[in-house]
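Trainee: The following block contains the structure, expressed as structure tokens.
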Amino acid sequence: MNLGEILSSVKLPRPLAPELAQTEVTGLAYDSRRVTPGVLFFAFPGSKADGREFAADALARGAVAVISESLAPPDLAARWIQVEHGRHALALAARTFFGRPDERLGLTGITGTNGKTTTAYLTDSVLRAAGGVTAMIGTIEYHLAGRVLKAVNTTPESLDLLQIFSDLLRAGGTHVTMEVSSHALALGRVHGLNFHTAVFTNLTRDHLDFHGDMERYFAAKQMLFEGAGGNPPRFAVLNTDDEYSRRLRLHARTERLWYGMTPEADLRPRHIVSSFKGLRFDLQFRKQRFTIESPLIGKINVYNILAACATGFSYGLAPEVVARGIASLKAVPGRFERVDEGQPFVVVVDYAHTDDALRNVIAVARGLNPRRVITLFGCGGDRDRAKRPLMGKAAAEASDFVVLTSDNPRSEDPLTIMNDALVGIRRTDVAHVVEPDREAAIRRAIKEAREGDIVILAGKGHETYQVLKDKTIDFDDRAVAREVLKGYGYHQTQ
């Protein structure tokens, strides 16, 4: 494919020189280290480095041209193509280069603050129950037709995303379910893609260090339902109990499927039974009613299940297929995940890292009628500082005992982060301890537990690392908790 063909959908300020337009392109790259002769290099600013600084290196490695928002340096002008939006150009060029694979796949995008990951796992399970050959892309990992790949971002860069789509098609793939983060929408990583179904879970405070305020955060989420540079989705799956869902602007051609607890919802649960064994309820879908059973714990997961069911219906799946897919998902890593060594109390690990998510996970625990709830949490560094006291207050108001510790401090002083959260805790009279060493904090939380208690280790969930100021270390809340329990003499026997 030549350069002119690859850039045919990209708006250029001036036509390409005929000789340049006819140049054959063998691949695309946004990292100069991946450039080989014949590759087209896209140079745009990243979070840690600016690709424009590596343009000369890319050309020296054999790049056919450089695509950038910036004016061309005089010495590179002959092979420099200026565009209005570098990431949009990459997304559109990659889509052309890989033959528009999104048009040949059932593409579902799931956005919102909480519940994206669980909803994605459930949706993927439903589609596989229908016989689909699927990919799932999200926070924990990427699944590609039975293979598991490490997740770099919740939503990959557009080039990597389209490569996954292309690989899936070659493997006989039919559907992709993906978490679509607000960062990905704002940065154009899904620009130009055609989604069959767009799902909105909810919107609460998060990522304001990036977006600035809630309206900008919401505006980023809105982009998925407007088409994000492609056609608007055929279906929008919306939470009738979330105020931001009701504010979304939708294209007239987009069919709405509402889910929630209110009578006007298209999908509504009846007779919910929640226990340590999971969930069971009757699902009312318009004039149909059938039973849903799931091993997932907690009424908050009813919303995630409803969203996944609605997505299945958007693809025309039968209720019995949808129900089978929901029942077959046994657990989601790091989402109310139990650590069981036969102890007389419950220990769970959960990814909750906002005040709303903390309230939700503690509410799930309360719904299981424990003697006490002991909550361990921390706040991430280099993120929205204003949410820290809100998280402290949420944990303190809903728990019987709180252990405040470090999360991923990144470049910040862990004690400064903890002091911010402590402001919220001290607005209550809850018993609490402060322990900056996360391993020692987990030991303290478990030591506090007695028969009938639930210990929640919140914030890191599935993560197997901790990001410190000058390094990243191996750290898994689940593994640490298991070793602590064994150290106290507990050991699960089969």
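Glycine is no exception: its Cβ is also placed from the backbone N, Cα and C atoms.
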Trainee: For the motif 'Meso-diaminopimelate recognition motif' entry in Swiss-Prot, name the matching range from 407-410, 411-414, 435-438.
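Mentor: The listed stretch tagged motif 'Meso-diaminopimelate recognition motif' in Swiss-Prot is 407-410.
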Trainee: Look at the meso-2,6-diaminopimelate binding annotation in Swiss-Prot, where ASP407, ASN408, PRO409, ARG410, GLY459, GLU463 are given, and name the residue from ARG372, ARG383, ARG385, ARG482 listed for that site too.
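Mentor: Meso-2,6-diaminopimelate site check in Swiss-Prot: besides ASP407, ASN408, PRO409, ARG410, GLY459, GLU463, the record includes ARG383 out of ARG372, ARG383, ARG385, ARG482.
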Trainee: Taking a Cβ cut-off under 8 Å, which residues six or more beyond the ends of the motif 'Meso-diaminopimelate recognition motif' (407-410) line up next to it in the same chain?
Mentor: 353, 377-382, 417, 438, 459-460, 463, 466-469
Trainee: Excluding GLY112, THR113, ASN114, GLY115, LYS116, THR117, THR118, please set out which residues of the same chain place their CB within 8 Å of the center of the CB atoms of the ATP site, keeping sequence order.
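Mentor: Filtered neighbour residues, in order: ILE110, THR119, GLU179, THR201, ASN202, ASN304.
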Trainee: Compare the Cα of ARG383 (meso-2,6-diaminopimelate binding site) against each of the binding-site residues ASN114, GLY115, LYS116, THR118 and report the nearest.
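Mentor: Minimum Cα distance from ARG383 (meso-2,6-diaminopimelate binding site) across ASN114, GLY115, LYS116, THR118 lands on ASN114.
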Trainee: Can you break down the motif 'Meso-diaminopimelate recognition motif' (407-410) into helix, strand and coil residue counts using DSSP?
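Mentor: Final tally across the stretch: 0 helix, 0 strand, 4 coil.
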Trainee: Would you mind listing, in sequence order, the residues at least six apart from GLY115 (ATP binding site) in the same chain with a Cβ closer than 8 Å to its Cβ?
Mentor: THR201, ASN202, ILE300, TYR303, ASN304, ALA307
Trainee: If you average per-residue pLDDT over the motif 'Meso-diaminopimelate recognition motif' (407-410), what number do you get?
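Mentor: Overall, the motif 'Meso-diaminopimelate recognition motif' (407-410) comes to a mean pLDDT of 98.
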Trainee: Spatially, and counting Cα to Cα, which of the binding-site residues is closest to GLY112 (ATP binding site)? Options: ASN408, PRO409, GLU463.
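Mentor: If we rank ASN408, PRO409, GLU463 by Cα distance to GLY112 (ATP binding site), first place goes to GLU463.
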Trainee: Can you tell me how many other Cβ atoms are located within 10 Å of the Cβ belonging to GLY459 (meso-2,6-diaminopimelate binding site)?
Mentor: 27
